[in-house]
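Each remark here refers to the structure printed beneath this line.
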């Protein structure tokens, strides 16, 4: 194999064109743009969609028929196939590993199920010091189906990067304290003040399983990882900083500096909804890239985070049903707003709504790829 | 009746002491503090709690037994009694009229019910131009039970002010489009972009019934009014400004400059959860006072709104189960953080959780009243 640096190859050389297309996403995650805001080399503008693997795709609904959510996540064949489906259909620039936030709980032996139309429901909520002390240890051997699914997926993906996935400690702990989804997350938020020792023990447990879940995915071949803190937006800044940030930092420390398949350290993305007021803290936790939800203009995100911080986001899913001209204008606005950051990977500013027409997502990808970077 | 200004009466004169205690809340709402941040006169530090009338009180649960939520709101005896219960029990400085955000819909003839454990559920969602065109007209005569309930309540309250209540157009429209509560409010947010004309017609209808509902309460004897935009936090700033602010402004215009029972224009409070990024727009809509949810420190709210803006809030309900020393320290922090604003009425930064121990709320009121203003 030649060791000629790709920058010295002619632009139409297969290796060059392959690399500039295939590593575009990782380059953006690594902040490869020049200081002028232009990319270092002409690459495809990268995009993927949170929840791209899932309910909006008929092929997903067909495959999942008769299999529970968590069982499908732990079946390497199914998890791999579901991860690949949107890459084939939409030509997105990354796969996101199909899994669920509560999978590390299930792997540790915590009784949990996803109830259709409800969400994660635990056999018993975790509310006391004794409940937390009784939480099982997660054995690394339990990650076997994850490792197998990741390996099958990366083998089929070729050079398209696979992004690993885990729920952040607060979000995990929120489900554990409430025992089910809730609107206000008052249970975990109250525990921080009512019994901070138990809160810290619980969040530390969640950080450990979350971090090791991401680590298992990277060790098996994922190229990047995203920590999802779905409910962090329910916290004020002081509470996040004092009671959550240390645990999210601990979760990310499990994967910090870990090399991806390309031999360079795998970029880490941190995302939560309603987190405009704590974006800087999401980065402080140890993230390379900050995911921005649909509420905040990306130029304002760059003002808050500094131009050196690569961003991910933030097409508003509320535009996916609009006239194409309205949606196109919105996508172009998002691209313009993100142009001040050292890197920008297009994404939605929230997950794909289940009722989304997949053809619209495909067209959005085509549009993004058609716009010169 | 003497016309001697109260400022010329001796401090222990019944009229004087009565006024300084009884109008403390309205004075704070009107920004009566001197520029140094101290109150113009020594008054009790005012406090009330969102959802103080309701599920946390055993006397409420007993009274409501067997009566549906909306029926109890429209029964003048019950609505009045429920409004008075927390004033008697907690010695709070204001009553908030017991009602529900969807009452104007019910009064207009829209089929809606509150399903226990779910929330407002409409017979049919309102999603098309035809649905909006078919919405009934609200007749002012329909407000009769509201007027009667307010009159009974103010007669018993004496000089304790009664605060009127309405849901903001976005929140009302969100329930109408979804037909029930939702997490992301994707339906109404999508309608703004997919069919802006229908959105504007729907929101204008909601603004009309909401504004007239507040107006009916003020005309019947309420001393102030609060517009609740429960779901405004799901909107980005640009969407709020373009698609919601004009309608909230229209709702508030129905009560702008309207005199309260004291002959001075009734203060208008505007509150929404998760609205840290749009606090200034809540004020722009025509509010005198901005309610701040528990997420944002009040000193930061004052930085954003200017010291001339009176604030309401924002004790975090998550502290209500904590050790008393922790809760007390939190309440004192909130008071300190609010001291830079021209006025400050203590409140929770969200509604009273149903499982709250009422004795804790009473103790919080005692604490607040014990701290020198």
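Each residue, glycine too, has its Cβ placed from N, Cα and C.
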Looking at TrEMBL, which one out of B:230, B:234, B:299 binds substrate in the same site as B:51, B:52, B:53, B:54, B:55, B:100, B:175, B:350? B:230
Pop the mean pLDDT for the domain 'Uroporphyrinogen decarboxylase (URO-D)' (B:163-179) in here, whole number is fine. 98
Checking B:53, B:55, B:100, B:175, B:350 - which of these recorded positions have a CB within less than 8 A of a chain A CB? B:350
Far apart in sequence but close in space: which same-chain residues, 6 or more away, have a Cβ under 8 Å from residue B:100 (site 'Transition state stabilizer')? B:69, B:70, B:73, B:114, B:120
Kindly report the helix/strand/coil residue split of the domain 'Uroporphyrinogen decarboxylase (URO-D)' (B:46-55) according to DSSP, in that order. 0 helix, 1 strand, 9 coil
Tell me, if you would, which residue among B:51, B:53, B:55, B:175, B:350 (binding-site residues) has the fewest other CB atoms within 10 Å in the structure shown? B:55
